[in-house]
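Trainee: My structure is below; once you've seen it, I'll send some questions.
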Ligand SMILES: [Zn+2]
């Protein structure tokens with residue numbers, strides 16, 4: 001039996017209270033409080049359960065879409081699996097994630113991307129959209145079979161060597177051009193490799209003092225500058241992953257002003273944490289790109305608020321204890337983020353008055369869905385909260401606060417930089433096409449075979 | 001203070017207590033019987049992830065002169081080289097009942113992690129970590145500078161300058177500052193003790209962010225020596241790998257480095273009469289320092305080695321002689 | 001607080017020896033040292049910091065007055081015993097003091113150790129160990145201004161200014177003009193004042 005959910009008194013996008021009905025996998029009604037029409041029969045006349053949720057003062061957002069998630073499967077199932085990572089995503093309010101290609105084997109063939117896509121379907125927590133590698137084995141030398149991945153069941157539209165930079169300019173040009181054929185996008189991890197050999201943290205006052213090899217801002221900015229010009233020259237679109245410096249914001253702002261088709265993302269951690277944390281030598285704070293200065297944090301917040309930065313993406317990067325419980329210099333780069341992203345955005349952007357909940361829906365749902373080209377098709381994401389749209393929604397209690405407990409998280413890894421930190425807001429419920437994946441703040445195990453409704457079509461261009 | 005991790009953590013009183021205690025330790029080392037019973041029954045572990053026979057022997061000598069039991073745990077021929085994690089090694093040392101761990105590590109911050117991660121409760125002495133800190137080297141340098149430029153030169157009764165800081169003294173530190181834990185440790189300590197510091201280096205070997213350090217910088221060794229007239233010149237070792245690496249090399253050639261930043265007889269003559277020359281060793285003769293400079297009577301390089309033992313005895317004494325419980329109601333160190 | 005034992009009281013305790021008592025005691029000790037050593041020509045004094053050093057300097061003046069063969073500039077030193085103590089772990093960190101041997105050395109000499117208060121004997125034990133590492137005197141003697149009893153080791157003074165029966169809960173402090181601005185021996189901790197004072201630093205001798 002299917003379930004109809006009635007969200008009473010909820011504030012869609014933080015606006016006026018309404019009753020929202022989720023039935024038959026779609027938003028069935030949005031009505032004045034108390035005025036929602038609810039039936040206990042579905043369209044075919046079969047009986048349904050009706051669950052009423054008192055959502056007074058809760059905010060309703062479209063299901064969040066992450067353009068940058070590392071699910072680690074295949075290859076590093078000890079750090080995360082598609083199942084554990086997508087469960088964490090649902091707990092964080094996401095209904096779709098893009099899985100990065102730096103797995104083992106690398107997602108550089110139709111076979112691997114289809115495997116990840118199928119694992120996502122089986123897990124059923126969120127829609128998993130594999131990202132394809134730009135180059136074979138992330139080697140930076142030969143283009144991977146981008147067309148085959150685009151044509152596969154996974155319908156790959158985003159390509160990235162994330163973790164590595166596509167640093168060869170001619171290879172980058174070719175990739176930008178090639179993906180135009182299927183409306184793809186290259187998501188660049190902007191890191192000039194020679195300028196960052198052995199680099200451990202942001203290069204500046206703190207690195208000079210604590211003796212960790214510096215990672216200059218210019219290593220990021222130089223690549224972004226080159227790539228926006230390449231994108232302009234070949235008339236392709238470019239996405240900039242995890243932009244982290246004030247200079248990068250300036251370059252993207254300039255490029256957009258010039259009409260270049262570039263989009264940019266910032267991670268939650270770059271919105272709130274600074275390189276001062278490296279003074280602890282706690283490898284939890286070791287991340288790529290590195291945490292930057294307070295001035296950079298302010299610049300990325302301003303860039304996000306004025307639309308220069310299009311989206312927030314988590315760069316959720318789970319790592320095992322062994323890879324983090326060691327010397328800073330030996331530790332892996334990365335931090336988890338799926339379960340704290342919305343809270344950090346609320347803390348840094350909403351509670352500070354710099355963005356509305358409607359803006360949050362844009363940067364965490366509609367814009368990333370559009371960049372990934374998953375806003376249309378059989379199972380669209382990032383859609384408006386309107387009647388008839390798929391019931392991909394997240395219910396948030398913005399007035400709650402919580403102290404982050406690494407061990408209580410759904411992700412299989414413990415490398416959250418926010419452990420012990422109090423963050424605002426709580427994901428109360430997440431719905432994937434009308435089915436609750438999270439209720440009362442806790443993930444709800446999907447009934448077996450419940451992934452029906454997710455995209456299952458084969459190739460199409 | 002439970003650990004000695006960084007000279008940046010030392011107050012002026014801490015630093016003076018370390019130096020004054022070093023002076024008393026040095027006095028015991030001119031006796032026929034050099035061994036003291038002070039740390040009998042205490043266990044000091046030398047945990048060396050990097051080869052440094054000199055530093056290890058210095059710490060080992062210091063610990064043995066204080067009657068501590070010494071265990072050497074070096075990267076060669078032990079589990080450390082077989083990929084055992086720092087954490088597991090720390091847990092092992094804890095189980096062995098180490099009272100102090102002297103750690104030399106290639107990774108900046110490893111001693112701080114050992115001290116603060118909760119893996120063991122021993123006192124941690126940083127014997128050099130990555131490109132971060134080398135506090136006992138800075139202390140022995142300061143001790144040597146104080147003895148020569150405050151104690152002996154002051155002509156007072158006390159040849160070690162006990163009780164005195166380094167106010168008014170000028171120290172030039174010359175060479176590869178970027179990769180030097182010795183430079184970082186010295187800048188902080190010398191500043192705390194009231195000395196002025198000028199770092200002299202090619203621009204490629206000064207870190208971005210050096211402007212926040214409490215010192216001046218210069219690219220011109222001749223001008224610094226002739227115009228600033230330092231009381232002490234500290235020559236840093238230049239690692240050979242810094243000049244290879246093709247386009248990534250930090251300077252064009254050894255010859256050019258020596259021409260601009262090497263200390264030789266001509267540059268020695270620019271210094272004031274009383275100025276001394278230090279080098280943390282081992283020296284690259286003919287690269288950062290000429291044989292003439294290294295062997296001149298201005299050079300106190302051999303004495304630095306002897307003072308190193310006294311300084312390390314002082315550090316071990318001050319960290320280990322008391323219990324932590326007694327310590328909390330006691331002095332700051 | 002003073003408990004009115006008939007002696008003049010101070011806020012910190014009861015004064016049991018005044019300035020003239022201290023002076024008389026030192027003069028008597030000086031005479032006894034010369035008498036015992038049959039002259040002062042081979043005697044050297046080693047004061048134990050802090051107040052033992054001051055007392056040694058005062059004794060040296062008196063010895064020189066009795067026997068001109070004794071040279072205060074040559075025959076007095078100081079002996080820091082910190083690094084030989086067996087109670088380091090129970091105490092806050094002690095600053096290591098100066099050890100300065102007499103110019104004449106201690107080899108073959110009669111060394112008189114000078115301390116202010118003799119108590120458990122542990123300081124003297126440490127001093128004997130330290131002397132053993134420094135050389136081989138012909139004899140080692142012990143002079144103390146006050147012996148308050150409660151020995152924990154088989155150690156006894158050769159020269160005593162005053163025997164002062166005390167309770168272990170009490171603390172005895174020797175005050176000297178050079179260090180403290182006046183000469184006096186003060187007992188505190190009688191009745192219940194200053195609990196724990198006997199556990200701290202200088203008061204433990
Ligand atoms: Zn990346």
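The backbone N, Cα and C atoms fix where each Cβ goes, glycine too.
Curation plays no part in TrEMBL annotations; they are all automatic predictions.
Straight from TrEMBL, here's the annotation block:
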- A:58-245: domain 'Dihydroorotase catalytic' (DOMAIN)
- A:68, A:70, A:162, A:315: Zn(2+) 1 binding site (BINDING)
- A:70, A:71, A:72, A:102, A:288, A:319, A:333, A:334: substrate binding site (BINDING)
- A:162, A:189, A:242: Zn(2+) 2 binding site (BINDING)
- A:315: active site (ACT_SITE)
Trainee: Spatially, and counting Cα to Cα, which of the binding-site residues is closest to residue A:68 (Zn(2+) 1 binding site)? Options: A:189, A:242, A:288, A:334.
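Mentor: Nearest in space to residue A:68 (Zn(2+) 1 binding site), counting only the binding-site residues, is A:242.
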Trainee: With the Cβ under 6 Å from ligand 1 as the test, give me the qualifying entries from the binding-site residues A:70, A:72, A:162, A:189, A:319, A:334.
Mentor: A:162, A:189
Trainee: Other than A:68, A:70, A:162, A:315, which residues of the same chain sit close to Zn(2+) 1? List them in sequence order, counting a residue when its Cβ is within 8 Å of the Cβ centroid of the site.
Mentor: A:69, A:100, A:160, A:163, A:241, A:242, A:313, A:314, A:316, A:317
Trainee: Identify all same-chain residues not among A:162, A:189, A:242 whose C-beta atom falls within 8 angstroms of the centroid of the Zn(2+) 2 site's C-beta atoms; report them in sequence order.
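Mentor: Here the nearby residues are A:68, A:100, A:160, A:163, A:187, A:188, A:190, A:191, A:241, A:288, A:289, A:315.
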Trainee: How would DSSP class residue A:102 (substrate binding site) in three states?
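Mentor: For residue A:102 (substrate binding site) - judged by DSSP and reduced to three states - the answer is coil.
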Trainee: State the Cα to Cα distance, in Å, between residue A:70 (Zn(2+) 1 binding site) and residue A:334 (substrate binding site), rounded to an integer.
Mentor: 10
Trainee: Reduced to three states, what secondary structure does DSSP give residue A:162 (Zn(2+) 1 binding site)?
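Mentor: Where residue A:162 (Zn(2+) 1 binding site) sits, the three-state DSSP reduction gives coil.
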Trainee: Taking the Cβ of residue A:315 (Zn(2+) 1 binding site) as reference, which residues of that chain separated by at least 6 in sequence fall under 8 Å from it?
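Mentor: A:68, A:69, A:70, A:241, A:242, A:267, A:269, A:287, A:334, A:335, A:337 - these are the non-local Cβ neighbours of residue A:315 (Zn(2+) 1 binding site), listed in sequence order.
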Trainee: Measuring C-alpha to C-alpha, could you say which of the binding-site residues A:72, A:102, A:189 are within 10 Å of residue A:162 (Zn(2+) 1 binding site)?
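Mentor: For residue A:162 (Zn(2+) 1 binding site), the binding-site residues whose Cα atoms are within 10 Å come to A:102, A:189.
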Trainee: Check each residue in the chain of residue A:189 (Zn(2+) 2 binding site) that is at least six apart in sequence and keep those whose C-beta is under 8 Å from its C-beta; list them in sequence order.
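Mentor: A:160, A:161, A:162, A:163, A:164, A:165, A:166, A:241, A:242 - these are the non-local Cβ neighbours of residue A:189 (Zn(2+) 2 binding site), listed in sequence order.
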